[in-house]
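Engineer: Dumping the structure here so I can ask a few things about it.
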Amino acid sequence: MIQLKCKIIKYLFKYIFIILILLNNLNSEQIQQEKENKDNNNNNSPVQTNCIDSDPKCSLWASQGECQTNAIWMMTNCRQSCQSCQGGDRAWQLRSEITKNYDNSSSTNATRIVSIESVRIQHMEIDENKEQARVFGRLVLSWNDSKVSWDRESWGLSWLNFYWVQVWTPQLLQINAPNPSPGQITGKVLAANYTGQIFMWTDFNFVAPFNFEYQDFPKDRQRICYQFDDKRYFAVKFIVSEEVKNRQHESIQDAHVSGWDIELLDISDSKYTVQILGDWRQNPFDIQTNNCELCIELTRSSVYYFTEMVCPALVSSILTLSSVFFQLSLGQPAILCFSILCQLLGLQLLNARLPSYTGTVPTICIYYKLILIINSFFFFKVKYTSFNLLISSFLFLSTIMLRRISQANSNIPLPRFIYTLSSYLDKCIPLPKGGKDLLEENNNKNTSLGNYSEIALTLNNSLFSAAIFIYIFAFIFSFIL
């Protein structure tokens, strides 16, 4: 009996000892956990002890953009995938505290001032067939909201990021976009300062119809403007920061536009008129509100301009003018015919470059002023290609007629003033008038020069001398000025 009692006491002490060991280990783990939690609360680093995803599909949902479209649920249950652990537990508690006490409904009654802090243009797409221009970029906006402020000393945080729209934010809307393809505002990211200043980064995709002007093609300069406003009219007044105006070059230095070069970016607040009809029996009246206008000036990147447009025009012009040295021989109309053929072939290359889908008539460079003094000043606006082809054709027909006159053997004398004018032109025109090629051609055919050959050669030189001066004026106004 005594041995049984001893065994019972022995086992009892054994179990008591085991229980004491377990209680001691449990108490030490609890103390360590409380110490870690205390250290984590006192630490301002972005490390968070419970920054985990509650669902294994969180990473998939985050990759599909659910952190922005369904932000409240995703930020609560998918903290790691949505990167909502910055600042630790204190940041999360501060977000909850702000959103719990924030009254968004009363914030829409007052007009807020929103400042545009930065603009960056990333890419542009120009569709001249549809006459539309699309721009991609990023805006940084800022405004003050006293309801999103906190004590930096007590919370230990200076900045707090937001990923959902639980506080007041501008609802941007493009107001001059075409209906089938409106502009888009995506990717809102919010960051708040403890003073109540909020910054919003947002990506925009604007598209605007534009009537391209091709009078200066291919050196045309287009100015395309995009207007955007808050969709709640009169709720926001936009102002443009001075930093945006001072850093216009930085805003466009990384932009890419196929076939165009961005020369200038201008963003300003402007008046936007809303027409409201109060009574159908009365005339509508206008109400003005502020909106922002983003304007971009583009110049066409015409790297092919000289080789594919200037050179063919210059070569054909030289061929036309150099034919005068053949002095009404067979070579002169042959060279003129070859020049006309080259111009017709060049028109095919030019036609491939010109925007044939516009309602206006484009030119190679500018509309040229051709000054002719005939009793008074006349200003003719002609295209160089048409001018070159017209002059070449006129000289070709004139050469054929004068060549025929030079071979005429008629003995009928011409009026005296024609001989006087011919003698005066021979003294003024620097071109030679030998007619050797024409004489050799007639000798080969056993024929002599006609009685009017001197007059024909003089008129031929006169026409080409006038053509040379006209070409010089046209070329200067076309490709230099």
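Placement of Cβ uses the backbone N, Cα and C atoms for every residue, glycine included.
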Engineer: Which residue range, 159-177, 311-329, 330-348, 387-405, is the one TrEMBL calls transmembrane segment?
Structural biologist: 387-405
Engineer: I'd like the number of other C-beta atoms within 10 A of the C-beta of Cys51 (disulfide bond), please.
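Structural biologist: Summing over all protein chains shown, Cys51 (disulfide bond) has 16 other Cβ atoms within 10 Å.
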Engineer: Could you say whether, by DSSP, Cys51 (disulfide bond) belongs to a helix, a strand or a coil region?
Structural biologist: coil
Engineer: Do any residues, 6 or more residues outside the transmembrane segment (387-405), come within under 8 Å Cβ-to-Cβ of it, and if so which ones?
Structural biologist: 313, 316-317, 320, 323, 328, 332-333, 336-337, 339-340, 343-344, 347, 368, 370, 450, 452, 455-457, 459-460, 463-464, 467, 470-471, 474
